[in-house]
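Enquirer: I have a structure I would like to understand better, so I am pasting it below and will then ask my questions one at a time.
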Amino acid sequence: MNTDVGISARLERISTGGRYLIVPMDHGVTLGPVKGLVDIESTIDGITRGGADAVLTHKGIAPRVHPNKNGKGYIVHVNGSTVIGPDESDKRMTASVEDALRVGADAVSFHINVGSEYEPSQMTQLSELCSRAADFGVPVLAMAYARGPGIDEHDAESLAHAVRLAEEVGADVVKTAYSGDAQSFSRVVEATRLPVVIAGGSRGTDRETAEMVRGTMDAGAAGVSMGRSIFQHDKPEAITRAVSAIIHDDADVDTALGRAGLSLEV
Ligand SMILES: CC(=O)[C@@H](O)[C@H](O)C[C@H](N)C(=O)O
Ligand SMILES: O=CC(=O)COP(=O)(O)O
């Protein structure tokens, strides 16, 4: 049980009533300056107006985040790798808890590939990060992916193992991939007492995005940490509005898309 008042207070800054709509934009390290991240100021302005609870970036982007985040929460991501480097799974530390606090973060996030050859070192780093962050009352979002040789990244049992590991080493919120349907994802949610949020993966249609979010919430999860489906959208504010309607107002898919002015077509 989380009894730390600083962690509780900061968790409230990155969520609404225990539900999370986080938009991660750490992909500039991983993928480069892709669509939506070149003019990151406008994207952040749109998604925070659309109902995001928090945005997430690497520490160096902080000066471009604060003037545009409309009073919403801010999470600093503390490890990274690139798709053009020797091994994308080999995430290395890029910031400390102190760095994150210096640039105004409300929480830190850390990516672990459970099942990869880097799992042992990443698990140690995550555990140490959680201890250090707790010293300062800073929440840790663990991005716990099931990634490695022979692993199905959407298999519910593997995802359940990944989210459970995050709780056991001391994280406060856990993000993982979606297993594809509400029934299987409920087994992932049941594997931990932590709030579970999903990654979106590469961008699909608006209906696919909305159905994924609806299924996630039906499974008992706490929300999303959804990047490309939101920041690569032609209308980031509108798709955020649709996702927010599902997460914060329990809207169904058609209501959410309609309320955001998006097409109801497949
Ligand atoms: C680009 C991807 O495939 C994502 O799933 C990333 O691995 C997520 C991540 N936080 C990153 O950009 O490193
Ligand atoms: O940091 C990355 C994520 O949390 C997920 O990003 P995606 O683009 O929704 O997979």
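Just so you know, glycine gets a Cβ as well, placed from its N, Cα and C.
Small disclaimer: the values here were computed from a predicted structure and weren't measured.
In case it helps, TrEMBL gives these features for our protein:
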type	residues	note
ACT_SITE	D26	active site, proton acceptor
BINDING	D26, H27, G28, V29, T30, Y145, A146, R147, G200, G201, G227, R228	1-deoxy-D-threo-hexo-2,5-diulose 6-phosphate binding site
ACT_SITE	Y145	active site, proton donor
ACT_SITE	K175	active site, schiff-base intermediate with dihydroxyacetone-P
ACT_SITE	K175	active site, schiff-base intermediate with substrate
Enquirer: Do any of the recorded positions D26, G28, T30, A146, G200 touch ligand 2, in the sense that the CB is under 6 Å from one of its atoms?
Expert: D26, G200
Enquirer: Taking each of D26, T30, K175, G227 in turn, which of these recorded positions have a Cα lying within 10 angstroms of the Cα of Y145 (active site, proton donor)?
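Expert: Near Y145 (active site, proton donor), where near means Cα within 10 Å, the recorded positions are K175.
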Enquirer: Filter the recorded positions A146, K175, G200 down to those whose C-alpha lies within 10 angstroms of the C-alpha of D26 (active site, proton acceptor); answer none if the list is empty.
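Expert: Checking each Cα against D26 (active site, proton acceptor), there are no hits.
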Enquirer: For G227 (1-deoxy-D-threo-hexo-2,5-diulose 6-phosphate binding site), which residues in the same chain are close in space, meaning a Cβ under 8 Å from its Cβ, but six or more apart along the sequence?
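Expert: Once residues fewer than 6 apart are set aside, G227 (1-deoxy-D-threo-hexo-2,5-diulose 6-phosphate binding site) is near V23, P24, M25, D26, H27, A199, G200.
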Enquirer: Please report the three-state DSSP label of Y145 (active site, proton donor).
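Expert: Once the DSSP labels are grouped into three classes, Y145 (active site, proton donor) ends up as strand.
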Enquirer: Cα distance, the residue listed as 'active site, schiff-base intermediate with dihydroxyacetone-P' to G28 (1-deoxy-D-threo-hexo-2,5-diulose 6-phosphate binding site), nearest Å?
Expert: 19
Enquirer: Excluding near sequence neighbours, so keeping only residues 6 or more apart in the same chain, what lies with its CB under 8 A of T30 (1-deoxy-D-threo-hexo-2,5-diulose 6-phosphate binding site)?
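Expert: Listed in sequence order, they are G80, S81, T82, V83, E88.
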Enquirer: Far apart in sequence but close in space: which same-chain residues, 6 or more away, have a Cβ under 8 Å from K175 (active site, schiff-base intermediate with dihydroxyacetone-P)?
Expert: I22, S109, L141, A142, M143, A144, V196, V197, I198, A199, S225
